[in-house]
Amino acid sequence: MIQVLLVTICLAVFPFQGSSKTLKSGNVNDYEVVNPQKITGLPVGAFKQPEKKYEDAVQYEFEVNGEPVVLHLEKNKGLFSEDYSETHYSPDGSEITTNPPVEDHCYYHGRVQNDADSTASISTCNGLKGFFTLRGETYLIEPLKVPDSESHAVYKYEDAKKKDEAPKMCGVTLTNWESDEPIKKASHLVATSEQQHFHPRYVQLVIVADHSMVTKNNNDLTALTTWIHQIVNDMIVMYRILNIHITLANVEIWSSGDLIAVTSSAPTTLRSFGEWRARNLVNRITHDNAQLITAVHLDNLIGYGYLGTMCDPQSSVAITEDHSTDHLWVAATMAHEMGHNLGMNHDGNQCNCGAAGCIMSAIISQYRSYQFSDCSMNEYRNYITTHNPPCILNQALRTDTVSTPVSENELLQNSVNPCYDPVTCQPKEKEDCESGPCCDNCKFLKEGTICKMARGDNMHDYCNGKTCDCPRNPYKGEHDPMEWPAPAKGSVLM
């Protein structure tokens, strides 16, 4: 079994005293300055990895408010799909699509040692940038732009002042609300076992950046792509509680000009985007959902998405305004709009996630959480039960969604799949399958079980009792109009 190289970073902490300063993420009232010092070492019994720019596992040690913190991170190997691609356009409008190597990337997930409720989403591309939770509080870390310095700022999520304090809203409804329920810290919010149990679903995502995003990033396509990667890395953490696994299939950048009319009218723009996706994007890229990100200021909104439309070729879409210099805020907004696609409506004041506002809050406020409420969980469960969108049933890729095996350290493993041993990276004994429409609780469903309901004059598809995928009914015609998009095959454990 391959061992990973552990890297410990000792951070000297110097609290900043004085008035607020402007960081890249906005005006911050108070932050601590930390200076990373990289120390490498191997745990007992570990073998040195082949040379990589970014280690599979890293640790950072520092202090927050005088409290020592050990941050354990593991590379997010489920971030990119197997055939991940990037698309941009030449000045004459010609499409250019490439498949860049992404195995040795710089995006991590993790936790804080001795805090079971903690989580983290960090990029190490250019310094440390991202968020982590500690004792129910959310902290952000980002590099300070100081010449010849490796200093970073660490500050609380709510300490970041936004330039525009006016409420920002989602366009699905125009209902403002403020929670009048007692606020509980996230560490005190315990979901029931029923709430915590969701069958896994797999969303292959495409992010499309319009030309305003290119202009906003000074025509730097690399910087724009990195921004999108950070957003998706955050979204994956947010959807983990629903057992939804998001993989990024493609980033499309309209570098030579918009391919639709992008205006301040979110409904009009989204309608055009959905039509473009149905006639263009679905024929080029295998995916389940597409999100448009724009720097155009939408009319009194920051996002808009269709409700309960996952897998629909035209309506499995949403639009998000790039409204913040903090990627966590933008990620929460995009997660919100995708939540609509997955059947979740806006939260009411009876909904609870342990914060003043949850992901599906109708408005975004300074204290908005990146967690789904109990109401959202119930609405998602109802949507999956009644609609069961077929395109997200099957795992797109097995090898990239299981972490490199790690032992003799405290790093978290990918343990969300009960059919798979995350420590040995081997199938559990006596199990038939890992996932798929004909796989349930690690066993093949019985022959004759319906795995795809008929629509109109079509015929049902049935499990054969031998595979985890849903075999096409041989008595169907040559073309089944409902077979879009073609689902990926499930993973069978041999």
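Keep in mind that glycine also has a Cβ here, set from the backbone N, Cα and C atoms.
If you look up Swiss-Prot, you'll see 1-20 marked as signal peptide, on the strength of sequence analysis.
Annotated domain 'Peptidase M12B' per Swiss-Prot: 201-396, in sequence order, evidence recorded as sequence analysis.
Per Swiss-Prot, the feature disulfide bond maps to Cys311-Cys391 (among others); the stated evidence is sequence analysis. The DSSP secondary structure for Cys391 (disulfide bond) is helix.
Residue environment of His346 (Zn(2+) binding site) contains 24 other Cβ atoms, counted within 10 Å of its Cβ in all protein chains. Annotation source Swiss-Prot lists Zn(2+) binding site at His336, His340, His346.
For Cys351-Cys375 (among others), the entry in Swiss-Prot reads disulfide bond, with the evidence type sequence analysis. Around Cys351 (disulfide bond), taking its Cβ as the centre, 22 other Cβ atoms fall within 10 Å, counting all chains. For the recorded site, Cys351 (disulfide bond), the DSSP three-state label reads coil.
Around the Cβ of Cys358 (disulfide bond), 25 further Cβ atoms fall within 10 Å across all displayed protein chains. DSSP gives Cys358 (disulfide bond) a coil state; it is part of no helix or strand. Positions annotated as disulfide bond by Swiss-Prot, on the basis of sequence analysis: Cys353-Cys358 (among others).
Annotated domain 'Disintegrin' per Swiss-Prot: 417-478, in sequence order.
If you look up Swiss-Prot, you'll see Cys433-Cys442 (among others) marked as disulfide bond. A 10 Å cutoff on Cβ-Cβ distances gives Cys442 (disulfide bond) a total of 19 other Cβ atoms nearby, all chains included. In three-state terms derived from DSSP, Cys442 (disulfide bond) belongs to neither a helical nor a strand segment and is classed as coil.
DSSP assigns Cys463 (disulfide bond) to coil, not to a helix or a strand. For Cys463 (disulfide bond), the count of additional Cβ atoms within 10 Å of its Cβ stands at 24 [all protein chains shown]. The disulfide bond feature in Swiss-Prot is assigned to Cys438-Cys463 (among others); the stated evidence is similarity to another entry.
Look at Swiss-Prot and you will find Cys439-Cys468 (among others) tagged as disulfide bond.
According to Swiss-Prot, the feature disulfide bond maps to Cys451-Cys470 (among others), an assignment based on similarity to another entry. Cys470 (disulfide bond) falls outside any helix or strand according to DSSP and counts as coil.
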Which of the recorded positions His336, Cys451, Cys463 has its Cα nearest to the Cα of Cys351 (disulfide bond)?
His336
Counting only other Cβ atoms and using a 10 Å cut-off, which of the binding-site residues His336, His340 scores lowest?
His340
Using DSSP with the three-state reduction, classify Cys433 (disulfide bond) as helix, strand or coil.
strand
Cβ neighbour count within 10 Å of Cys375 (disulfide bond):
19
Cys468 (disulfide bond) versus binding-site residues His336, His340, His346 - nearest by Cα:
His340
